Amino acid sequence: MPKSHSLILAGLALTTVLAQGAFAENLRYAGATAPLTFDPHATNDFVTTAIARQTYESLIELNAKSQLVPGLATQWEYIDNAAWRLTLREGVTFHDGTPMTAEDVSFSIMRQASSPRYKSLFGQITEANVVDATTVDIVTAQPDAVMPVKLSLLFVMSKAWAEANDVVEVPDLGAASSESYSLRHANGTGPMKLELQVPGERTVFVRNDDWWDDFTGNVDRAEYVAITSAPTRLAALLSGEVDLITDVPLQDVVRVEETAGFKVADGPQRLYMGLEMDGTRDVALASFDKNGQPLDSNPFKDVRVRRAIALAIDNEAIVSRVMRGYARPISMPAAPGFQGYAEDLEKDLGVDLEESKRLLAEAGYPDGFRTTLNCPLERYVNTEEICRASASLLARVGIEVTVNGMVWPEFARMLVNGPDSSFHLIGALGNSGDVQDVFGAILHTRDDESGLGQQNWAMWSNTDFDAVFEKLVSTFDPDERAALYREGLRIAQEQQHAIYLHQPFLIWAMADKVDASVRADSAVVLSDVTVGTE
Amino acid sequence: MNPVYFARRVGHAVLVVFIVSLIAFQLGEVIGDPVTAILGLDAPASAREALREQMGLDQPWPVRYLAFIGDALQGEFGMSYRAQRPVADIIVERIPATVELAISALILSLWIGIPLGVVAAIWRESCWASALMTGSVVGVSLPTFVVGIMLIFVFSVQLGMLPSFGRGQTVAIGAWQTGLLTASGLAALIMPAISLAISQVALVARLVRAEMLEVLRMDYIRFARARGIRDRVVHFRHALRNTLLPIITVSGIQIGYLIAFAVVVEQVFQWPGLGTMFLAALTESDIPVITAFLMLIACLFAGINLIVDMLYALADPRVRLAEG
């Protein structure tokens, strides 16, 4: 297959300005990594999902404000016996022209539920029953009140197409020995059809004129390229080789803003950053007294110490200096965009060094102590700077922190195969972005049996909190649920489950002629993008 | 050629490749855990265990290593965890980009480095020569990515002349995708090749200068001068020719070096070669790709060394005798 690779770039190299005029409704955009596959069930990489989402649609969609809106399902209701009933949209066709049926939806639900990558989101699904031509029931092992939120990540694929191309099963990592057809071919219902996917390099979409919804943008062709090196990605934008880039480093924002013809857009990401502290061990790891002797206790287990740390860490300063204002300080394990977030519970603890020292003394550490902050060096924005800033803020109350920077694979292994950390920086979102999932996965006491607390890397444990969670899972009444969300968040705040730092913003840069708004899941929604003629 | 000598050299090469394969096999696990890389942080422990078993990662490493070697000998390198594609396919489609980049950089470094070295040797007293040599130190010490980014900002952003990333349009010649036959392909090659060549230029220039100074002291040069032959002819016909032999040897080794160390340049220019593939694999603990890449590089170096040893043995009987 001859790579008609960069036909556009070829012209661009010499005639940038001309090219922009000639392909007015062609969007070229770049991000740090390439989509790994176009099989939406065979990946949980959020960049891949954000890109595949242009081709494959979910049953329920999230709008720009992260609210649930109808997608391929127009209605959803809980009908007892741990089942949700979905009413499907009529008149939807796949890109190959075949109509979407209840069979396709049922097939897709079970296919994604079988994927090892989606066990935490959909592993509970036991059946997807076709009731009639436009109705499907999803049955789970336990009642699941947040299923609709999760369904914003469930993508519908054509059953007949999957059968014809031998991709009925999600490609099996252990046994497969060849590339699966669904890796670079797609047949969804979305606003864009996949024209070309060159793994690791570029992706080309064309507009699907038969899409059931209205286009609010004017893009008829879009090309995505991966440019890993941030300075190069910025250069590609400034030289006009691409029209929009995602993942703009904070230090380059000013440069883009000061360059005529370009602008920066930002928006909150569905993620919060926090420092987690060991809530279980009797002796904290890698922690010492001021003489360098290993501690025989775990200061982090004492809520007074946790509060003392919170009072010493100035998260507003971290947001304004380290994050250069591209983040929002938080005070709970949730943020805007998370279902269940309670804005009125936000409170600024403030910085109070005297009170902090008093609490440390009361807890038996009048001189402070030494400890190690495990810090992932990538994955989230400016992590190393956040860790260093936290360390120097804590030094003011006598807690000497050594920052232990780790590359992501090393850091992830430490957590997953341990967790072997008593103090670390982490970004969290729960699995679906619903606070219930944050509670169940991150704050609930770790329990291998039930699978709860699987991402509770700090092994924080609070029986009152766990009780609130058990109640929340089995409550379907929205008002009662809202009260329980608040109760859980309040306990987390009072017990200082973690040091809540901030919600980072996603930053994109684009040419002035491009109009695109930043979405919390970092998807560039091509059907909403407008490219002007300049 | 002495068969014993030949066998020993081959044995050496195989040993090197074997040791590298052992190290490479461990590397992916030293830096991370493939199951975590594939499933992410949010997978339940049961899914993790199931996948570990399915991929055979629960076996002790010597067992997995033997299976890996067995497959590798049959040309099977397994599936990339990350890309979900056969590693062999990925490598085959990425080799042309890296080889074309490395060879272009080599040619460029010789083309610039040899004249510089000659000039520095012939006029070794002049201030130009010492300026050249000082400049070459700067060339060696400039980090490749700094050179690359500077080039991009001047020629892509400021002047809009050259593309900042990618390989331009490619044309297929059989299985080989070449970028050398299209205008955009050549335009895309210029800056990466310069970035990669720049440290090599200094190396070549210094080598040529040293060799040339050596040769210029030889008796036959003096006799040539005494015979009244013009300087130009003496320098270029007599001296330079005799200087070139070691340069050719070094170039052979350089090409291996350039292929292996194109990683940084490829990253800066998003050049779709083996280097970008390797770096992406490292961040995801993609063991099959990491191992295959390192094995390939080991084979390349071992192969080049073997060929050089053979050529030396052919050219110089003393090598054969000494080695027995």
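Easy rule for this one: first residue shown is 1, then count along the chain.
Each Cβ is built from the backbone N, Cα and C atoms, and glycine gets one as well.
Per TrEMBL, domain 'ABC transmembrane type-1' is recorded for B:95-312.
Positions annotated as transmembrane segment by TrEMBL: B:12-31 (among others). For the transmembrane segment (B:12-31), the list of distant contacts is 61, 64-65, 68-69, 72, 282, 285-287, 290-291, 294-295, 297-299, 301-303, 305-306: same-chain residues at least six beyond its ends, Cβ to Cβ under 8 Å.
Residues or ranges marked as transmembrane segment by TrEMBL: B:101-123 (among others). Here the transmembrane segment (B:101-123) has long-range neighbours at 129, 132-133, 136, 189, 192-194, 196-197, 200-209, 211-213, 216, 235-236, 240, 247, 251, 254-255, 258-259, 262, 265-266, 271, 273, meaning same-chain residues at least 6 beyond its ends whose C-beta is under 8 angstroms from one of its own.
Among residues of the same chain six or more beyond the transmembrane segment (B:135-157), those with a C-beta under 8 A of the stretch's C-beta atoms are 116, 163-164, 191-192, 194-196, 198-199, 201-203, 205-206, 264-265, 267-269. Look at TrEMBL and you will find B:135-157 (among others) tagged as transmembrane segment.
Residues annotated as transmembrane segment in TrEMBL: B:186-208 (among others).
Per TrEMBL, transmembrane segment is recorded for B:244-269 (among others).
Here TrEMBL flags B:289-315 (among others) as transmembrane segment.
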Same-chain Cβ contacts of the transmembrane segment (B:186-208) under 8 Å, 6 or more residues past its ends?
100-102, 104-106, 108-110, 112-114, 116-118, 120-121, 132-133, 135-137, 139-140, 142, 144, 147-148, 151-152, 155-156, 162-163, 166-168, 179-180, 243, 246-247, 250, 254, 258, 261-262, 265-266, 268-269, 271
Beyond the flanks of the transmembrane segment (B:244-269) by at least 6 residues, Cβ under 8 Å:
97-99, 101-103, 105-106, 109-110, 114, 144-145, 148-149, 152, 164-166, 188, 191-192, 195-196, 200, 203-204, 207-208, 211, 275-276, 278-279, 297, 300-301, 304-305, 307-308, 311
